[in-house]
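A.B. asks: I have a structure here, written as structure tokens, and I will follow up with some questions on it.
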Amino acid sequence: MDKLDANVSSEEGFGSVEKVVLLTFLSTVILMAILGNLLVMVAVCWDRQLRKIKTNYFIVSLAFADLLVSVLVMPFGAIELVQDIWIYGEVFCLVRTSLDVLLTTASIFHLCCISLDRYYAICCQPLVYRNKMTPLRIALMLGGCWVIPTFISFLPIMQGWNNIGIIDLIEKRKFNQNSNSTYCVFMVNKPYAITCSVVAFYIPFLLMVLAYYRIYVTAKEHAHQIQMLQRAGASSESRPQSADQHSTHRMRTETKAAKTLCIIMGCFCLCWAPFFVTNIVDPFIDYTVPGQVWTAFLWLGYINSGLNPFLYAFLNKSFRRAFLIILCCDDERYRRPSILGQTVPCSTTTINGSTHVLRDAVECGGQWESQCHPPATSPLVAAQPSDT
């Protein structure tokens with residue numbers, strides 16, 4: 001999402017030392033975002049087992065959106081910020097701004113879809129997940145992640161709907177008389193600010209909060225069920241030791257999953273909430289938010305594109321192993337039988353009258369999906385959702 005006022009530098013501009021430090025920082029952010037998202041895409045394309053997992057379609061599409069942000073949006077913003085001038089012309093300014101809004105919104109939409117996918121997988125019965133997340137529905141969700149943002153990016157920006165009523169102010173801020181420089185200024189009127197913020201952030205944010213809250217509640221209820229089973233079987237000497245170990249592992253898994261949810265939502269809010277709160281407030285206070293504040297909030301949102309590979313892929317054991325194999329040139333030390341397709345034990349529990357299968361893969365941090373089969377004695381073996 002582009003800044004509303006591109007005139008972000010002070011009147012004196014940056015000194016030589018400040019420029020070097022700033023350029024180093026911005027280059028590091030861009031490079032990490034490019035490499036991280038590329039690695040995620042290569043891992044899924046390279047490993048057949050990862051391609052079988054439904055959630056990974058969203059992960060790859062998210063990585064592609066974030067990769068485009070880091071290639072098509074961030075570098076031009078960094079150049080303008082460091083050089084304190086826009087040198088690419090007015091038409092490309094509109095194109096870059098439209099790409100900025102399109103790609104960052106698409107990235108946020110993908111995060112929302114991942115949360116909904118995990119909600120159906122963890123909080124609903126297996127057959128519900130299979131019926132909800134069909135290949136057609138996944139394709140429609142992915143298409144929506146890319147098509148819907150065009151209605152708040154290229155369409156209104158190219159038509160100039162965002163600057164109706166504030167054209168004079170925009171023209172004034174495009175030119176810096178002190179440095180004789182021009183800027184790529186993107187400012188929005190009140191209707192566009194509200195519409196864009198609600199569609200691009202507040203609705204996805206609300207859906208993510210609701211989905212992850214339900215996942216958290218389900219995980220806690222599942223852990224409570226296991227704890228009750230432990231207490232009930234504590235007095236029985238016939239209780240197998242392996243069952244105790246498995247229950248303990250499950251509780252640790254659920255605790256880790258809950259912590260991961262907090263990390264995911266915390267990073268998302270930290271990165272994007274400041275920008276979108278300011279995005280709505282600024283038009284109502286006569287555009288008095290300092291340019292430096294806009295720059296800080298904007299790049300905080302960009303950093304989210306570099307964090308997503310770590311949150312949604314690097315925390316997953318299967319992805320990590322694939323990364324090691326790719327980076328170490330297919331080193332045999334990182335291979336093992338059924339390397340990324342091992343069967344993950346699951347436990348079942350009854351919550352609110354419904355039997356659920358909560359995968360051990362919840363510990364994998366936000367992505368959670370895995371090839372997973374309940375114990376052979378479980379009545380849900382036949383109902384287990386397929387990842388193919």
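Every residue, even glycine, has its Cβ placed from backbone N, Cα and C.
Sequence annotations record features per position, and here Swiss-Prot assigns serotonin binding site to D100, N279 based on experimental evidence. Among the features that Swiss-Prot reports, N-linked glycosylation site is placed at N7, with the record citing sequence analysis. According to Swiss-Prot, the topological domain 'Extracellular' annotation covers 1-19, 79-92, 158-188, 284-290, on the basis of experimental evidence. Per Swiss-Prot, topological domain 'Cytoplasmic' is recorded for 45-54, 118-133, 213-257, 315-388, and the stated evidence type is experimental evidence. Among the features that Swiss-Prot reports, transmembrane segment is placed at 20-44, 55-78, 93-117, 134-157, 189-212, 258-283, 291-314, with the record citing experimental evidence.
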A.B. asks: I'd like the Cβ neighbour count for D100 (serotonin binding site), meaning other Cβ atoms within 10 Å of its Cβ, all protein chains included.
C.D. replies: 25
A.B. asks: May I ask which of the stretches 55-78, 93-117, 291-314 has the most CB pairs under 8 A with the transmembrane segment (189-212)?
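C.D. replies: When the Cβ pairs under 8 Å are tallied, 93-117 comes out ahead.
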A.B. asks: For N279 (serotonin binding site), what is the tally of other C-beta atoms lying within 10 angstroms of its C-beta?
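C.D. replies: Result for N279 (serotonin binding site): 24 other Cβ atoms within 10 Å.
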A.B. asks: How do the residues of the topological domain 'Cytoplasmic' (45-54) split into helix, strand and coil according to DSSP?
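C.D. replies: When I sort the residues of the topological domain 'Cytoplasmic' (45-54) into the three classes, I find 6 helix, 0 strand, 4 coil.
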A.B. asks: Could you give me three numbers for the topological domain 'Extracellular' (158-188), the DSSP helix, strand and coil residue counts?
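C.D. replies: Helix, strand and coil residues of the topological domain 'Extracellular' (158-188) number 13 helix, 4 strand, 14 coil.
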A.B. asks: By DSSP, how many residues in the topological domain 'Extracellular' (284-290) are helix, how many strand, and how many coil?
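C.D. replies: Its residues fall into 2 helix, 0 strand, 5 coil.
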